[in-house]
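Inspection log for the structure reproduced underneath, given as structure tokens.
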């Protein structure tokens, strides 16, 4: 500690000196833990299989009946199935 810091501490009661001495490491530890918590949120799996599964989760091929479904429904189902193929969720 510097002389000016010591002279300021000498005028304080003993408990205040103890608190002042312990406060810096506690604050440093608090900042370190906060940074560590933030950094753990940035970790990714790094596997593309998980990414593909997440991308394809809402996409499953849909079957339709040309006899009982309307032409509009058939068109929408074909569009859905083509989108799934373009995303490589299925063949």
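Each Cβ is built from the backbone N, Cα and C atoms, and glycine gets one as well.
Here TrEMBL gives region 'Disordered' for one range in the set 48-69, 70-91: that range is 70-91.
Helix first, then strand, then coil: DSSP counts for the compositional bias 'Polar residues' (82-91) stand at 5 helix, 0 strand, 5 coil.
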